Amino acid sequence: MSDHEGASPASSAPSSPLVPVSPRSDHNAPESPSGDVADLYKDDDSPLAPRSPASPRKSPENSPVGSPVKTTKVVISSDEDSDDEGPSSKKQRAVLSDSDASDTEATTKKSRITLDSDDSDQEGDKQQKRKDLFGDDSDDDDFDRPKKQNDDLDELVKGDLEEDRGEQQRPIYDSDDDDGPSDRRGGRNFEWDFDKMLAEKKAERKRKTRRGKDGGIDIINDDDGMVAKLVEKMKHAAKSDRNANVERKPAFQKIKMLPEVKAIMLRAGIVEVLIENGFMSALSEWLAPLPDKCLPALDIRITVLKLLHNPRFWKLDRSTLKQSGLGKAVMMLYKHPNETKENKAIANKLIGEWARPIYHLDTDYSTVSRQEREERDYSRMPEKRKKKLHSREEEPDEDEAPKRPRIRDAEGLGPTKSLDLKPGDKGYINRARVPKPSTKDYVIRPEWRVSGEFKGEKKASGSKRYDQTLRDFQERTRKSKANRLVKVSLEGRNMGI
């Protein structure tokens, strides 16, 4: 039996001359639970150690004489080595094992992601068929899907690698050494009290300012807080009155607050503040019927409708009326059979003013020219009237013109149609006719020929003194005549003694 025949089976197999085994490795060492240690810690990127399952180990005896022996760093966990090694070597071994385990996990995750990408391709084919049948919401997704899938795969791989690196670094920072981060106050979620104070001040300044319609910044006064408190009180009063109505008790909370609401609505320049703080919604609750289908108090309805029928509240936009429900509340009062005639008239005018922007009608008639008035009237003219107007503008032929009796008027200025005949004229039919609405369009405004206002007849200033003297004289003579008419009794009756 030769020297080589007594060797291990690994030595008898054809060995690779590139990767020798360290002299420390002996055949009596216990096997690692994770498999072959040399294969696990072998450098994947090294050109000298290609990964091959059939590459056997080579002992130092089979290596050629004089050739340099290359060793690989292999760590074998044994009881003797663990006793001899210090804490620093244990820490290094833990870091190396975590890093190598993370590399293997990353490799398996990449393979898993590749399989998922194949499944996603199949799913993409299904989605493409579904698009061909039913269509898609946007066409841009069809062109961007392959790029998005590749980006998603790259993000998944990067995220997994970053998590693995974080897990590797976490045991080192959690040790007793002071090499870790110095932030002991909660990490990234820590926030200084000074930053909190600055954020509160910034939010307070943001509440105190608002953007105007022209893009400028308007400073809001202290009316916001007052109006907000008033709105809360108004809603609470409306709720109390509804509860009292359900319990068959007198509801007087809104009546008590009516003077306060009237005072705030009469203030100038506060309409925008009222709208922003929800005053209109509270006002609609005040005008809404009670649970027993009865209207609110008459004083509330009269006061609120008169205050709303102010030019300041005519310019409420459509969104405000819709969100607050104020338009529905006023319309309900206009259509309610128990509402008074005066309140219905005010509600009708108010609805007409609010509806003008919906029909694109201007509220200021002084700036409208004659041509604009004619165009607006023509656009609002019914189709039948337009056809008649076009037929009149066209000059009909004498043969096709309808034959109507024509006469000369009294002054002989021109012909007159039979419809314009007066009683006593030839062809006039003296009978009653059904009145019809006039289809005339009055576009010419009559001119005002009076220069100044007429206040009545004025008397001369010189006669005032004479009239005053005459009135004084008449009063004195009237008193003297009254004294003379006293009857004197000869017998001494009615005498003051």
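Cβ atoms are placed via backbone N, Cα and C, with glycine included.
Per Swiss-Prot, compositional bias 'Low complexity' is recorded for 7-23 (among others).
Annotated compositional bias 'Low complexity' per Swiss-Prot: 47-57 (among others), in sequence order.
The annotation compositional bias 'Basic and acidic residues' is assigned in Swiss-Prot to 123-134 (among others).
The annotation compositional bias 'Basic and acidic residues' is assigned in Swiss-Prot to 144-160 (among others).
According to Swiss-Prot, the compositional bias 'Basic and acidic residues' annotation covers 181-191 (among others).
Marked as compositional bias 'Basic and acidic residues' by Swiss-Prot: 370-382 (among others). Remote same-chain partners of the compositional bias 'Basic and acidic residues' (370-382), defined as residues 6 or more beyond its termini with a Cβ less than 8 Å from a stretch Cβ, comprise 389, 441, 443-444.
Here Swiss-Prot flags 401-411 (among others) as compositional bias 'Basic and acidic residues'.
Annotation comment: Swiss-Prot describes 281-361 as domain 'TFIIS N-terminal'.
Summarising the annotation, Swiss-Prot assigns region 'Disordered' to 1-191 (among others).
Sequence annotations record features per position, and here Swiss-Prot assigns region 'Disordered' to 369-433 (among others).
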Structural state census, the domain 'TFIIS N-terminal' (281-361) (DSSP three-state): 53 helix, 0 strand, 28 coil
DSSP residue counts for the compositional bias 'Basic and acidic residues' (370-382), split into helix, strand and coil: 11 helix, 0 strand, 2 coil
Within the predicted model, mean pLDDT of the domain 'TFIIS N-terminal' (281-361): 88
